[in-house]
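Heads up, the thing below is written out as structure tokens.
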Amino acid sequence: MLVVGLGQLSTPYGVEQGGWAYSSTLLIGLGIMCTYTSHILGKCLRRYPTKLRSYADIGGQAFGSKGRILVSTFIYMEIFMALISYTISLHDNLITVFLGTILKLNLAKLSTSQLLTIVAVFIALPTMWIRDLSSISFLSTLGILMSVVIFVSLAAAAVFGGVLTNHSIPVFQMHNIPSISGLFLFSYGGHIVFPNIYKAMKDPSKFKKLFLVSIVSFTIVTALYMIIGFLGAKMFGPNVNSQFTLSMPPKQIITKIALWATVLTPMTKYALEFAPFAIHLEHRLPSSMSGRTKMVIRGCAGSIFLLIILALALSVPYFEHVLSLTGSLVSAAVCLILPCSFYLKIFWGQIAKPLLLLNFFLIILGFFLGVMGTISSSRSLVESFQAHHSS
């Protein structure tokens, strides 16, 4: 999944804040709903197999050029905001890794954590110049490996780290539901890559097998979130951080491994997430332009893009609020609202009444969760920002 690294970091916080009854219902429910919406995306692709190649293409087919622009905007917003969240995570975990380290720069009034984050981002900056897709796929594999390491580290801390799993989890916390919904929605936000996977298949006619793969994938991801969420909430209780790695026992080797894996994960994501922008940019450049010139333009654009993300992440370092806002504002649309809207528009008149009602229900649910979560997370973000600057 596109954002499983960040999703697993925040799940224990979500379970603790939302309560076990709501969290388990929503995690399982979203797993089922997102499996269905990934399936109907595939059906839309199969309807026009030669014309549609991407998520944006489906939007264009369903709602014309304006639909394509709207869908592309949501896609780029999701990538952009996800990378801001990754950079905030990098900032938060770096200062814990280098606890006690003091850096000073006379030219700028920056804290040690901010300077460490700037150094880390500049180390990752050359990856934005990579044009070889095989190298980018290697970064993706490395990112998945880091996610596995983080999961294993939490389990090891519970078994070998001396952390007791004796905290009680609230049943239901009504006042936290909007923001927690955004966190969980973000955790399932990988739909923009499904059309690309479908088109990359040697035999797209075997899409039914891909549907089975999506069922298995969402089942595994949901089980992973459930295990991490409930284990982390039982381990750390009300004091659990929005990133559980920051709640793990300090100075233990298991914690160090988890922190380093969390630090390395964002650094593997930048080039991978920038790839759609880069490909679109290269297609827009004149065909008469040399490959070297295109590479320079692509690299410079990627570097500027990354520096803007860095500046925003350091300005608004509130991980859980930014993550919840991304899930509510963008992921609700990408995972629920848009796939169902595409399906209804493209197959209108051919859909059985029960499925028709199901798709309308998912659209309404997506709007409800999105609007409520956006209002809640935006308010929390503003309040945190004001409190920080007033102090």
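Any Cβ shown, glycine's included, is placed from N, Cα and C.
Here's what TrEMBL has on this protein:
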DOMAIN    3-375  domain 'Amino acid transporter transmembrane'
TRANSMEM  20-41  transmembrane segment
TRANSMEM  69-90  transmembrane segment
TRANSMEM  110-130  transmembrane segment
TRANSMEM  142-165  transmembrane segment
TRANSMEM  177-198  transmembrane segment
TRANSMEM  210-233  transmembrane segment
TRANSMEM  253-275  transmembrane segment
TRANSMEM  296-316  transmembrane segment
TRANSMEM  322-344  transmembrane segment
TRANSMEM  356-375  transmembrane segment
Do the transmembrane segment (253-275) and the transmembrane segment (20-41) share at least 3 Cβ pairs under 8 Å, sequence separation 6 or more? no
The transmembrane segment (177-198) touching the transmembrane segment (296-316) per 3+ Cβ pairs under 8 Å rule: no
Within the same chain, the residues 6 or more beyond the ends of the transmembrane segment (110-130) and with Cβ under 8 Å of it are 87, 90-92, 94-95, 98, 101-104, 136, 139, 263, 266-267, 270-271, 274, 295, 298-299, 302-303, 305-307, 310, 313-314
Remote residues contacting the transmembrane segment (177-198) - C-beta distance under 8 A, at least 6 residues beyond either end: 1-4, 6-8, 10-11, 13-14, 17-18, 22-23, 26-27, 30-31, 34, 37-38, 41-42, 45, 52-55, 57-58, 75, 78, 82, 204, 207, 210, 214, 218, 221, 225, 320-321, 323-328, 330-332, 334-335, 339, 369-370, 372-377, 380
In the same chain, residues at least 6 away from the ends of the transmembrane segment (210-233) whose Cβ sits under 8 Å of its Cβ atoms read 1, 4, 7-8, 11-16, 20, 23-24, 27-28, 30-32, 34-35, 38-39, 42, 151, 154-155, 158, 165, 167, 169, 184, 187-188, 194, 197-198, 201, 240, 244, 247
Within-chain partners of the transmembrane segment (20-41) [C-beta distance under 8 Å, separation at least 6 from its ends]: 11, 14, 55, 58, 169-173, 177, 180-181, 184-185, 187-188, 191, 194-195, 211, 214-215, 218-219, 221-222, 225-226, 229-230, 233, 335-336, 339-340, 342-343, 358-359, 362, 365
